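Participant: Pasting a structure here, questions to come.
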Amino acid sequence: MDWSNFIKAIPSMGALGALFAGGLAYASVKFSVKEDPKKESINEALPGIDCGACGYPGCASYADAIVNEGAEIDLCQPGGQEVKEEIAEVMGLETGGSSVEKVAQLMCQGDREATVYQADYHGIASCNAINMEESIKSCPYGCLGFGDCIEVCPFDAIYMNDKGLPEIDLEACTACGKCVEECPRDIIEIVASTQEVTAKCKSILEGSKVSKVCENGCIACTLCEQNCPVDAITMENNLPVINDETCIDCGKCVEVCPTDSMVELPLESPEEEGDTEAEAEEESQGDEIVITEDCVGCGACETACPVDAIAKIEDDQYEIDQDKCVQCEKCISQCPVDAIEYQ
C-alpha cells in the first residue's frame, strides 16, 4: 500500500485542524454569554438536593431565578434561615428578620385502632396502588398506612409508628414537600412550626357517618367554633378552619373537642430528656393567672387581653376575671414590670 499520499496530507490536515480550533476558541470568547458570578455563589449556598420545594426544578434553576428573575430569597425550606441569610449577603439584600420555620404534619389520626380495613388486600404495598381500590379502608379520606411518604423522604424524617400511621420527626423534617406530593389522599400538609392547634382530620362526611368509620374523626359538632373566645374558627365542609391571624392559641377548642380530632401542635417525636422536667415545672406554676401587688396600673394587660378578662379596680389596680380568662398569657408577655404570674 502506498502511504505517500497520506504522509503528504498530514501537514495540510494539521493546519486545517489548527485553523478550526483557533476559530472555535475565538468564537467561544467572542460570542460567550457572561454569567453573573452571583448565580454560582448562590448555587453553592443552596443545599443541592434538588427537592423542588422552592417551585423550581432544582437548586441551579432557583439560583438562576433569584439572579435573573428576581425570585424571592426565602423559598428554600431545607436551607432555612441560614441559606436565606447567605443569599441575601450575595445579593446585597436585607433579610427582613427571621423566617418562620415550617414542618410537615399528617392531618389524620385514623390509625388501626380508630379505623378498620374492610377487605383483605394482597396487591402492591403502596398507598397509591391501594387508593385505586374502593372501600378498602373504612374512612375514605384517611391515611392508608403503606408508607409511600416514608419512601420518598430524602431526610429519613418519617417512620411508621406501632399503630400504622406515619410519624414525622420534626427535628429532621425540612418541609421539602416530597411527602405532600406523594400522598394520594392529600392529608399531609406543610404548616408553620409556630402553629399550635389544628384539626387532624380531612373527612368531609357528615358527623353521623364519620363516627361510624373513625373514632378520632371530626364529627362537625361545632363545639370548637362555639367555644372559641375570639371567633377564630369557622366550619367549612364539615371541618373547622382556623384563622391563624385571629387565633390566640388558648387551647379551648382542644379542650372541648369530643373526639380529640382537634389537637395541639407540634406533636413531638418520642420524649427526649428534659421533657419530664419541663412538664413538672409547668404543673408547679399554679392554676390561675393573677396580677400581683407589683402592678403599676399601666393598663397594658387590659389592652392585650383578647377576651376582655381584665378590668381596672380601685387605686389603678387591675384584676383578672378567672371565668373569662383562657390563659393565653398575652398579659404576662405585655406586663412591663412582671407583675402577672401563675398562682
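Quick reminder: no glycine exception, Cβ is built from N, Cα and C everywhere.
Curation plays no part in TrEMBL annotations; they are all automatic predictions.
In case it helps, TrEMBL gives these features for our protein:
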BINDING   C51, C54, C59, C76  [4Fe-4S] cluster 1 binding site
BINDING   C153, C173, C176, C179  [4Fe-4S] cluster 3 binding site
DOMAIN    34-93  domain '4Fe-4S'
DOMAIN    128-163  domain '4Fe-4S ferredoxin-type'
DOMAIN    164-193  domain '4Fe-4S ferredoxin-type'
DOMAIN    209-237  domain '4Fe-4S ferredoxin-type'
DOMAIN    238-268  domain '4Fe-4S ferredoxin-type'
DOMAIN    286-316  domain '4Fe-4S ferredoxin-type'
DOMAIN    317-343  domain '4Fe-4S ferredoxin-type'
REGION    1-28  region 'Hydrophobic'
Participant: In terms of Cβ proximity under 8 Å, which residues at least six beyond the ends of the domain '4Fe-4S ferredoxin-type' (317-343) contact it?
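Facilitator: Distant Cβ neighbours of the domain '4Fe-4S ferredoxin-type' (317-343) are 229, 248-252, 285-311.
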Participant: Per DSSP, what is the helix/strand/coil residue tally across the region 'Hydrophobic' (1-28)?
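Facilitator: For the region 'Hydrophobic' (1-28), the helix, strand and coil counts are 25 helix, 0 strand, 3 coil.
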Participant: Got a sec? Which of these binding-site residues, C51, C176, has the most Cβ atoms within 10 Å?
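Facilitator: Highest number of other Cβ atoms within 10 Å: C176.
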Participant: Based on Cα coordinates, which of the following binding-site residues are within 10 Å of C54 ([4Fe-4S] cluster 1 binding site): C153, C173, C176, C179?
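Facilitator: Within 10 Å of C54 ([4Fe-4S] cluster 1 binding site): C176.
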Participant: List the same-chain residues at least 6 positions away in sequence whose Cβ sits under 8 Å from the Cβ of C59 ([4Fe-4S] cluster 1 binding site), in sequence order, or say none.
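Facilitator: Those within reach of C59 ([4Fe-4S] cluster 1 binding site), by Cβ under 8 Å and sequence separation of 6 or more, are N43, L46, P47, G48, I49, D50.
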Participant: Report the nearest neighbour of C51 ([4Fe-4S] cluster 1 binding site) in space among the binding-site residues C153, C173, C176, C179, comparing Cα positions.
Facilitator: C176
Participant: Which one is it: of the binding-site residues C153, C173, C176, C179, whose Cα lies the shortest distance from the Cα of C76 ([4Fe-4S] cluster 1 binding site)?
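Facilitator: Of the binding-site residues C153, C173, C176, C179, C176 has its Cα closest to that of C76 ([4Fe-4S] cluster 1 binding site).
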